[in-house]
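Heads up: the structure comes next, in structure tokens.
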Amino acid sequence: MKLNSFSIIVIKLLMLQYLSALCLSQDFDFFYFVQQWPGAYCDTKHSCCYPKTGKPIADFGIHGLWPNYKDGGYPSDCDPDSRFDKSEISDLIGRLEKEWPTLSCPSNDGTKFWTHEWVKHGTCSESELGQREYFEAALKLKEKANLLRALTNAGIKPNDECYELQDIKDAIKEAVGFTPGIECNVDSSHNSQLYQVYLCVETSGTDFVECPLLQRFKCGSSIQFPKF
């Protein structure tokens, strides 16, 4: 049976819809919940600008909630049709500005940052979390972890002093219950600095778990906790 051009187009569209649905239904194994220390971010090679709302408070800020696979890979940009819709999280904006601030230049209101995180990472979790649920989950996880309190309770403070890397890991594990991954950066004075903290979360985005896999980051045995 010969197909006319219209029938061929319809079949191709149906195939694309099927493949798109298949991609969205693919599972991931866990999330990385990543928080960054602003004092270290501003000492990286990135330019650092305070958001339009002013200088963020001296606390860890959310970088993202990233779906990952146990084999070390990760999905990204999973649903080109799912665009960031600020109206869906309008009542969360105040909390996002405080807990998920942008430090990128030029100074902005954070929308570009949140859009990037949703499009690249959030769309790959749509089998579990809608857009609002995704951002709400990250805010709840930050509150639950409270990294700065965990560290200061252990006498580890953002005062430009150096602390043992293992002591930092132990303090976070004591508070959260699970082993963190620590990413460092090196500043212009060649200090290894506490930059980002990785914690693993099960696929519903609710509870921390022991990481099936932790990336290996280059950190000194003693690292600086810079002021901000």
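Positions of Cβ are set from backbone N, Cα and C atoms, glycine also.
As the structure is a computational prediction, the values presented were derived from the model and not from experiment.
As recorded in TrEMBL, the features of this protein are as follows:
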| type | residues | note |
| --- | --- | --- |
| ACT_SITE | H63 | active site |
| ACT_SITE | E117 | active site |
| ACT_SITE | H121 | active site |
| SIGNAL | 1-21 | signal peptide |
Worksheet item: Other than its own, how many Cβ atoms are within 10 Å of the Cβ belonging to H121 (active site)?
Response: 23
Worksheet entry | Cβ-Cβ neighbours of H63 (active site) (radius 10 Å) | 21
Item to complete: Determine the Cβ neighbour count for E117 (active site): the number of other Cβ atoms within 10 Å of its Cβ.
Response: 21
